[in-house]
Amino acid sequence: MNAIAVERGEHQPSVIEVDRPSPDPGEALLRTLRVGIDGTDHEVIDGNHGGFPTEDDYQILGHEAVAVVEDANGTGLREGSLVVPTVRRPIDTPNNHFERGEPDMAPEGTYVERGIVGAHGYMAEYVTSQPEYLVSVPDSFARHGFLVEPISNSEKAIEHAIAARSAFEWEPESALILGNGPLGLLTLAMMTVKGFDTTYCLGRRDRPDPTIDIIERLDGIYIDSRETPVASIPETYEAVDFLYEATGYAKHAFESIAALESNGVAALLGLPDDWTFEIDGGQLHRELVLHNKAVFGSVNSNQSQYEQARETLTAFPDWFVDALITDVYAPDDVGAAFETGNERIKTVIEFDTP
Ligand code: NDP
Ligand code: ZN
């Protein structure tokens with residue numbers, strides 16, 4: 001069967017021929033429909049993040065997938081039904097974090113991530129998985145169900161934000177999303193579904209731009225960071241209750257503190273490279289303390305957050321999903337599929353249709 005992989009020593013993905021996997025006892029065989037591409041895939045290809053499965057000289061890419069149960073193999077799954085696989089798997093069992101349903105909180109070194117670190121991903125015609133790492137989705141999710149994975153990362157972030165503010169009556173009204181990439185736009189749409197009154201989304205692009213069109217169609221306010229840096233947002237717009245960072249721009253972690261309203265909370269999701277710069281640590285420290293502000297980091301997600309993401313995706317308007325998925329490629333077009341550009345938002349590789 002065909003798979004899209006990066007080979008050891010290479011820094012570009014290619015189509016390789018590998019054996020079709022046969023499910024071990026307790027595993028089901030899945031036929032892959034669509035797999036989304038995101039920034040993490042590019043990091044894996046560039047060799048900046050993740051790592052190859054130890055036993056192979058190639059890494060099959062892809063962690064955002066929707067697939068059909070081809071052979072339930074005694075797992076109790078319904079053949080022909082659609083599923084979205086989760087990303088993390090334990091290295092050794094038992095693993096307390098996985099047993100508790102909190103794989104996203106497992107420390108590094110205790111898990112592999114399919115398509116990212118130490119395990120093959122889902123960009124292959126067929127993949128196998130144990131049923132506990134699969135989330136059922138309706139038949140209507142064949143085209144866009146892979147979005148459950150990135151949305152689940154944001155479900156986790158908002159859940160942790162609410163938990164961080166749970167000791168008092170927190171009624172957030174405004175949300176600021178930093179970043180107009182796919183993760184930022186999905187989270188902006190999610191904030192609307194979750195009932196935030198005012199939403200802002202920060203980018204650094206000129207109009208016309210497809211992401212700005214989406215922001216405005218979602219009734220969000222586009223902020224250009226070249227005109228209004230994050231720390232100036234309270235002056236120009238308003239201080240916000242909830243801030244979600246999805247730029248990977250390291251200064252935003254610190255500027256976010258100034259952009260928060262009293263009692264506000266900021267979730268950091270971006271993955272910056274090393275960058276040394278000066279900050280006024282005293283001011284940031286004081287700002288956090290005197291205004292009861294919180295900042296936290298968040299990565300990955302758990303099964304219940306995938307399930308929540310399924311509900312959120314169901315609530316998205318059709319036009320939004322259509323506008324977000326800008327490019328669909330066959331596996332043979334692998335070169336074109338991994339190109340990037342401002343006209344592209346979410347690219348997906350289609351292995352099969354239901
Ligand atoms: P993208 O790189 O596609 O999007 C980042 C966006 O931020 C781009 O649109 C970019 O604009 C914009 N941006 C970057 N710097 C600035 C700036 N200084 N001012 C304004 N806008 C800026 O990534 P994704 O949307 O896929 O993901 C966002 C981040 O989250 C990435 O760092 C990714 O690695 C990380 N991530 C984290 C996860 C987690 O669980 N923690 C899960 C998935 C992703 P432009 O395109 O114009 O350059
Ligand atoms: Zn991802």
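First residue shown is number 1, and so on along the chain.
Every residue, even glycine, has its Cβ placed from backbone N, Cα and C.
Where the annotation comes from TrEMBL, it is an automatic prediction and has not been curated.
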**Asked** Of Asn292, Asn300, Asn302, which one shares the substrate site with Thr40, Glu113, Glu149, Asn153 in TrEMBL?
**Response** Asn300
**Fill in**
Listed in sequence order, the binding-site residues within 10 angstroms (C-alpha to C-alpha) of Leu271 (NADP(+) binding site) out of Thr40, Glu149, Asn300 are Thr40
**Message:** Restricting to the domain 'Alcohol dehydrogenase-like N-terminal' (25-139), what is the model's mean pLDDT?
**Reply:** 96
**Prompt:** For NADP(+), with binders Asn180, Gly181, Pro182, Leu183, Arg204, Arg205, Leu269, Gly270, Leu271, Ser298, Val299, Asn300, what's the maximum Cα separation in whole Å?
**Reply:** 28
**Prompt:** Taking the mean position of the Cβ atoms of Thr40, Glu113, Glu149, Asn153, Asn300 as the substrate site, which residues outside that list, in the same chain, have a Cβ no more than 8 Å away, listed in sequence order?
**Reply:** His63, Glu64, Val87, Ile116, Pro150, Val299, Ser301
**Item:** Sequence-ordered binding-site residues from Glu113, Glu149, Leu271 with Cβ under 6 Å of an atom of ligand 1
**Value:** Leu271
**Annotated binding-site residues Thr40, Pro182, Arg204, filtered by Cβ under 6 Å to ligand 2** = Thr40
**Item:** Among Arg204, Leu269, Val299, which are recorded as binding-site residues, the nearest neighbour of Glu149 (substrate binding site) by Cα
**Value:** Val299
